Amino acid sequence: MKKSIVTLAALLGIPLAAMAHPGHEAVGFLGAFMHPLTGIDHLLVMLAVGFWAARAGSENRFIIPSLFLGALFAGLFVGTLMTASSLVEQSIALSVIAMAIVLVVASRIPFALQLIITSVFAVLHGLVHGQELITSGNSFIACAGLALSTSLILAVGYVLGSQKQKLGAFLQQVLVAILTVAGSVLVLS
C-alpha cells in the first residue's frame with residue numbers, strides 16, 4: 001500500500017515538474033510570493049530543506065532554514081548583477097535530485113557539510129530569483145513576497161519533518177520519490 005502511495009505521489013509530480021517555472025511574467029509582491037509556490041523546483045527544494053532541518057536534531061533545527069534564507073538573499077543580490085544563465089537553471093534542476101540524496105543520507109553527513117550544501121542550493125535559487133527581479137518594478141517589495149513564501153514553505157517542510165517516527169519516515173519516502181522524479185524530469189527537459 002505504501003509503495004503504491006509513494007508511486008502515485010511521484011507520478012502526480014511529473015506534470016508539475018514539466019512546468020518548472022510558471023509565473024515569471026508576474027512581478028511585484030504577488031509575483032515573487034507565488035513563484036516559489038508554483039515553481040516545482042523551488043517548492044520541492046524548500047520543502048526538503050525544512051523537512052531536513054526538522055530531522056537535523058533539536059540543537060540545529062533552526063540553523064539550516066535560517067542559513068537557507070540568508071544565502072538565498074545573498075544569491076538574490078548577486079543575481080541582480082548577472083545576466084540569465086542556463087547553467088544556473090540546470091544547477092537548480094540538479095539541486096532537486098541532490099536534495100533527495102541529502103534526505104536519504106543526512107544522518108551520515110557532517111553538520112558543517114550540511115550547512116555548505118544548504119548554502120549552495122540557496123544561493124543558486126537566489127541567483128535565479130535575482131535575475132528575475134531585474135524586471136520587477138520594485139525589487140524590495142518583490143523580495144518581501146519571496147521571503148514570506150519561502151519562509152512559509154520552509155515551515156511546512158519543517159512541520160512535515162517533525163512528524164513521529166512511522167509517519168515521518170513515510171513522508172520522507174514520499175518526498176524523496178517526488179524529488180527524484182521531478183528532478184529527473186527537470187534535468188532531462
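All residue numbers here begin at 1 and follow the chain in the order shown.
The backbone N, Cα and C atoms fix where each Cβ goes, glycine too.
TrEMBL entries are annotated by machine, without manual review.
What TrEMBL records for 30-54, 66-88, 94-127, 139-161, 167-188 is transmembrane segment.
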Maximum Cβ pairs under 8 Å to the transmembrane segment (66-88) - stretch from the list 30-54, 94-127, 139-161: 94-127
Under 8 Å Cβ-Cβ from the transmembrane segment (94-127), and at least six residues away from its ends along the same chain, one finds 41-42, 44-46, 48-49, 51-52, 55-56, 60, 63-64, 67-79, 82, 85, 88, 172, 175-176, 179-180, 182-184, 186-187
Non-local residues, at least 6 beyond the ends, that sit with Cβ under 8 Å of the transmembrane segment (139-161): 27-37, 43, 46-55, 61, 65, 68-69, 72-73, 76, 80, 129, 133, 168, 171-172, 175
